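This report refers to the structure that appears directly beneath it.
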């Protein structure tokens, strides 16, 4: 007989019976076949019967475990689901063992699975967290304890009391849910630990695994909602697909996606859940109210959907409800974006790539007016979004390409660097057995239209081929030594690089079971002289795997799309990921799951090391989970770096801290556990402490018997420091960096920067930590590429040079190139000497000169000292000497017939960059980067200055070439239209006519106002020698401050000091006598806003404080005849940042706010003020909010975060007291932007380095009327619009295609070194690019500027 077992589910010797779960049923042709039991539905996915048969007309089902009912149509007790919905099934309730065991038959809702009787102080849909008012571990330890807080609310994990009002508890709770769900996407499977090893999520939620599994199962819920309405959630296809894609790689529970059975609607609604759980709106029917009223909105949305299905509410307009839900989610996102607790969420957005979405929302948040319960620290939000972007770049997971798909990636690299050097590395897997090797496209970096310079990678004729074009002919470099068909079906490492016109392709095949790694290399070069990769930033695209139809590829890359798996590694040594994409095209997530890559396949990956790029950090919470603090507590860290500065590790608890860092290349140790004498500091320039030499160094810190800190470097004892006995007051430790909110806690930490380098291991009490698996780790990656320690850039000061040796023949056959950037017209760039013969490349009067044995080739242009990056190539062959600058300025000379070949051949020769110890030419000042020379024993590659034997006064880290602000402000460069502002010119008619308000408001004679900024002060010099023995100071004081410094003088080390300050409104006078202190404190408060006369006397070891001639207080130290010396300057009103904190309590070490007059020493007026910072005359009469620029002159300097480049919007209100004066000035590498008032008009003048253009507005009311005027400036490259009180004018200047967008400090009121008339008057409400400017937080307030207070009109 013909058996049809596989076709009709029959069984038996003669196919006479049906398999279990099937029953005999007649077919249309009269024959009988086996059909699935309709238990409850006759489809394979919803047949839950072990066996079924018909007893007469009645179907009888024997149900599988977990199902109940006559037709298995419902879930049995202890299970949940909806067997009647196609694709749905019953699953066991999961309440994490926290449900009432006496209520097993109603453990969870039989459809939604929500646990109904949580106990043990737990709560949540799965009893997975502690209930409100309790904290602890609900899943593993099961130790939920009651919060010991007055508010009754605490952190549900740590128990830390929450300061926020109870109204915010709901949102806080939902954010913890969000963090937990996302966190567990990299904790579920071993596959994920391989594939997503370096994804750092920034939240501790290791106990959420079971809850995450539950979340994955929820994807099976079916709903029927209008898709178009749900799109109003504003999630793009790209964002949605990457979330779906990563989730697929992270958990086996996503089989529902692999089957393609989850609807887009469901998935997008789940995405809505991941950006906002705290929805608090309602609808008229109260139906959505039940869905979105609680903290865990996701669960409520699911319940809402289930309820809708179960009760068949056909009259409910689900489309309208979906729109409402999405609107509420958007609204919540805007409020949550600004909430401090959501910062953690930003650090995990690499998992669903919502960063672009959040940036859009951020703009809205910035425009919102502050409200009481919304944090307005937008800069902090920006920092965390930048961290999220950084983390997204480091997602080391592959994508699988099916021959139709493609990905467009963000290049995220300085395009200026790409011009000279372009390097791309990646891992690629092809399987010749499954997919025969054909000609295929791999990647393309270049112009969107395929017309300009480009580079790419392809498979052609069974070879890996590197292709690039620099404006001439296409260059193809095939790696013929290893055909692609012979590659193993694993990930192989590929790197392509181009330096100038020289290209290379590298292939590394990982070691198989019995063989070592195999390495292959092929090189080539472009014909001609063009060396730069010239691409328009607006048109550059980076495609991998294929390209969409609207992108045109150059002919050598017009091939079929790629089939296989690709994982990007780096672009110009910057970590880059396919998941940091702009868009994907035809990426089928259900069938193309990523190929797992074994991370230890390559030898360089086998050392457990971590790469820090200066932006990320590792955070270990609760160190004592691995080891306890003891009599001896030890920290060990192994570091490799070439950086000058960077934090190794930092512990902070309140104001207490412990910092180990690199400072100027040397180890520096500073800590403060609340010591009365201030922080302990160890900072010496010992050779053993200089560890930035690109080698691994083991640094150990031992805290012994709670009082001694011991520092070891490479197991050698360096220093022991004693301090008062104190147990280490820390539980958490940051490694390699820390967020800004931690660094802002103490002023000593404000200059700390992130580490650039590698950490091979960190140990606490000899216990290792995997930094990538720590929940708080952000933005670090695994591995330690050698490129991280190669110094390709050097900054030279005019007294610097770099020297090395190589086998070169510069006089006979040679090619060398380099980038340079300088503002100096002359300087030596490259130099070699052999006897009397010289070979040099230099700048002379702005032009480039190439000299070979007296034959000089000079550039045509003379403007190369313009502060921009330029690339030059010099070459020598048998016929000519050539010089090419920027691919455009090409000069050459015939080789002289008299030029003989060098007699020394290709022996080692010494050469120099940036100067020379013997040349008569001036050394170079500026930057040199990506230099190369043609060596006889090595391929052309960028020079590694770190390996040079001579590095004299050279920095290999940064290239800070900046035009000083005053460089454009001397008479020869003052722009037309500003000449009238020169103070040595005759005043114009308008200047003679006074404004309505006097330029010198009425004030108290010889009285000064301090405050508004933390370090408002005056410096007095020329202190008499007698001050060291006896002093009698007197002054008059008026203030309402409770705290603040009034007077301070000390020696350089601040060992000897004398101070007068306010503490709780009381006056405190103190000074030291050797190790003892005299401290006198008034009983009464004197911050009542009236004038008080204060005398403070020091006579040896005796101090006396006299207030208003009535109160006399005295104290003395036991020590006598102690030497006591202080030095200039004497500070009044405050001190420079960081000073006085060693001797004064912290909240009193900053400026007091108030007025001071009649300062005398020994009966003589103190008048030798040398410097002033934020101090003005003490004005009488009313005052109002704003910043006042006094006639004595002063300015406010903002940092580069306020971008006034080629495109910006600026808004301010001003009330001038003069008709002419400089309002605002920004210098650029070339040119400047200036705003000033002149003869009653507001003028904006732009100089882009080539052209100058301006516009002005003279308001009808007049600027000098004594009223406030609103000024708005909008710039977009060469277009400038000026609006003064709604009167608008604009100018369209010439287009400068070479204009570059740079960030420079913004000066307000005047600019340093400027001799023009300063602005006098008030300014308030300054807003730059929608960010409000706080002058109190400015980088510098210099001169007579009163921040926060203006004399009223």
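Keep in mind that glycine also has a Cβ here, set from the backbone N, Cα and C atoms.
Nobody curates TrEMBL annotations by hand; they come from automatic prediction.
According to TrEMBL, the feature region 'Disordered' maps to residues 886-906, out of the candidate ranges 844-864, 865-885, 886-906, 907-927. With the fewest other Cβ atoms inside 10 Å of its Cβ, the least crowded of the disulfide-bonded residues 72, 127, 130, 144 in this structure is 144. The disulfide-bonded residues listed here (63, 72, 144) include no residue with a Cα within 10 A of the Cα of residue 127 (disulfide bond). For the pair residue 130 (disulfide bond) and residue 118 (disulfide bond), the Cα-Cα distance reads 10 Å.
In summary, the domain 'Laminin G' (396-595) lies against the domain 'Laminin G' (607-784): three or more C-beta pairs, each 6 or more positions apart in sequence, are under 8 Å. For residue 63 (disulfide bond), the number of other Cβ atoms no farther than 10 Å from its own Cβ, over all displayed protein chains, is 24. Among the stretches 37-92, 607-784, 785-959, 1185-1350, the one making the largest number of Cβ pairs under 8 Å with the domain 'Laminin G' (1007-1178) is 1185-1350. Across the fold, the C-alpha of residue 118 (disulfide bond) and the C-alpha of residue 63 (disulfide bond) stand 29 Å from each other. Geometry remark: residue 144 (disulfide bond) versus residue 72 (disulfide bond), CA distance 38 Å. Counted within 10 Å of its Cβ, the other Cβ atoms near residue 118 (disulfide bond) come to 23, all protein chains included.
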